[in-house]
Amino acid sequence: MIPVVALVGRPNVGKSTLFNRLTRTRDALVADYPGLTRDRKYGRAHLSGYEFIVVDTGGIDGTEEGIETKMAEQSLAAIEEADVVLFMTDARAGLTAADLAIAQHLRSRDKITFVVANKVDGIDADSACGEFWQLGLGEVYQMAAAQGRGVTGLVEYALAPFAEAMGLVRDDDGEVVTDERNYTEEEAEAEQQRLAEQPIKLAIIGKPNVGKSTLTNRILGEERVVVYDQPGTTRDSVYIPMERDGRNYVLIDTAGVRRRARVHEVIEKFSVIKTLKAVEDSNVVLLVIDAHEGIAEQDLGLLGFVLNSGRALVLAVNKWDGLDQDVKDRVKTELDRRLGFIDFARIHFISALHGTGVGHLFESIEEAYDSATRRVSTSMLTRIMQMAQDDHQPPMVNGRRVKLKYAHVGGYNPPIVVVHGNQVSRLPDSYKRYMMNYYRRALKVVGTPIQLRFHEGDNPFEGRKEKLTLSQERRRKRMMSHIKSKKA
């Protein structure tokens with residue numbers, strides 16, 4: 001599982017500052033795909049070995065009319081669906097009526113909540129934070145998000161209860177060990193075999209009303225009962241086991257919860273958090289796009305999260321039937337222009353309602369999964385690395401050329417290639433993209449992003465005092481005695 005952390009508080013207390021600090025470590029991945037913008041409200045964070053979804057719920061006024069009347073519906077949903085709430089306050093401004101109103105709402109939700117007094121830099125923090133105990137939510141944690149003070153400690157403390165469920169390992173000091181796998185040939189084969197034997201987890205995602213539920217019903221070959229909001233309805237996606245052409249799947253239905261707007265109309269209740277959690281839990285993502293509306297900003301936001309998560313990807317442009325040919329040509333041109341950065345993903349033009357093209361989706365889904373989990377040897381990865389280096393030499397750094405030594409598998413789904421060498425931390429992004437594309441072409445990878453990690457080659461003798469071996473000492477003694485005899 002991957003926990004969800006919601007940032008809650010009135011306007012201008014530093015929620016966006018903390019959000020940017022937590023999520024910026026993932027920006028480099030999105031930056032590898034020009035034309036893709038990162039969502040400013042939902043992000044994937046990685047800190048001290050913990051991976052989590054962070055949500056900026058936006059400012060809450062909390063006026064006397066009642067907290068719920070002034071809180072946006074999406075902010076309420078984020079609090080409901082979060083595993084941890086960081087309730088942010090302004091230590092400089094002190095306790096306000098809005099803070100008290102927000103605290104009252106949070107107490108009624110019975111959520112794991114941490115009160116954060118932000119902007120403690122340059123003031124007497126202990127004195128300033130004392131009044132926030134009145135919120136009745138327990139200990140007050142001091143932070144200066146702009147400078148990064150207190151951020152790591154709070155995240156580690158808040159997410160510690162989830163470490164075991166996240167599969168994290170602790171060392172003897174209780175610290176979380178960051179898992180960057182260094183597979184041996186045997187371990188890589190065992191991991192690949194495990195992935196090959198388990199069902200393919202397929203998440204069908206997309207913005208509201210693009211036809212996800214229709215596509216789900218078409219794939220399953222049956223009309224599923226529409227689930228309406230009722231007290232106690234699960235917030236999680238529905239997991240549906242299925243078999244197709246002798247292969248097992250688990251279909252993750254993110255469109256399982258609906259709300260009825262009018263008596264005869266059903267409108268999907270869209271939950272970004274539920275969708276993001278489904279992406280994290282999947283092997284392959286099927287992103288559904290409405291052909292009538294083209295590429296929307298919400299599509300790009302979901303696409304960015306899929307790429308950051310490293311999941312295999314297939315695109316389905318739905319409602320294709322009935323469009324005039326000139327409209328189809330215009331849609332294809334827009335797709336080429338706006339989605340050129342994911343040229344590795346297959347695009348299908350379908351009609352979920354009539355079943356046109358739906359059967360071919362699974363050919364691409366299997367192809368993408370097989371690419372994401374294909375076994376590749378260290379010798380092959382090193383050979384491809386050497387070919388890329390021969391075709392285009394790495395740049396010079398301080399008069400010395402960056403030297404790539406060897407490469408090996410670092411993980412699957414997504415495929416991770418770990419490259420070792422000298423001064424690799426100074427490689428420009430352009431050369432890293434060149435290497436990534438070279439590996440993609442050489443391995444004929446389709447439907448999945450490839451991640452490259454670069455590790456500096458450690459000098460095993462660095463920091464050691466020179467110490468001669470026994471044979472070297474004997475040789476040195478013979479040489480010294482020979483020199484002395486010649487002088488005599």
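Counting begins at 1 with the first residue displayed.
Each residue, glycine too, has its Cβ placed from N, Cα and C.
Feature annotation from Swiss-Prot assigns GTP 1 binding site to 9-16, 56-60, 118-121. Residue environment of THR57 (GTP 1 binding site) contains 22 other Cβ atoms, counted within 10 Å of its Cβ in all protein chains. The DSSP secondary structure for THR57 (GTP 1 binding site) is coil.
A 10 Å cutoff on Cβ-Cβ distances gives LYS212 (GTP 2 binding site) a total of 26 other Cβ atoms nearby, all chains included. Taken from Swiss-Prot, the feature GTP 2 binding site covers 206-213, 253-257, 318-321, and the record attributes it to sequence analysis.
Among the features that Swiss-Prot reports, domain 'EngA-type G 1' is placed at 3-166.
Mean pLDDT, taken over the domain 'EngA-type G 2' (200-373), works out to 82 on the 0 to 100 scale. For 200-373, the entry in Swiss-Prot reads domain 'EngA-type G 2'.
Residue counts of the domain 'KH-like' (374-458) by helix, strand and coil are 32 helix, 26 strand, 27 coil (DSSP-based). Swiss-Prot lists 374-458 with the feature domain 'KH-like', giving sequence analysis as the kind of evidence.
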| query | If you measure VAL120 (GTP 1 binding site) to LYS212 (GTP 2 binding site) at Cα, how many Å is it? | reply | 47
| request: Between the Cα atoms of TRP320 (GTP 2 binding site) and LYS15 (GTP 1 binding site), find the distance and write it as a whole number of Å. | output: 41
| task | Just name the winner among ASN12, THR254 (the binding-site residues) by count of other CB atoms within 10 A of its CB. | result | THR254
| What's the CA-CA gap between ASN209 (GTP 2 binding site) and THR57 (GTP 1 binding site) in angstrom, rounded? | 23
| message | I need the CA-to-CA distance for LYS15 (GTP 1 binding site) versus THR254 (GTP 2 binding site), whole Å please. | response | 28
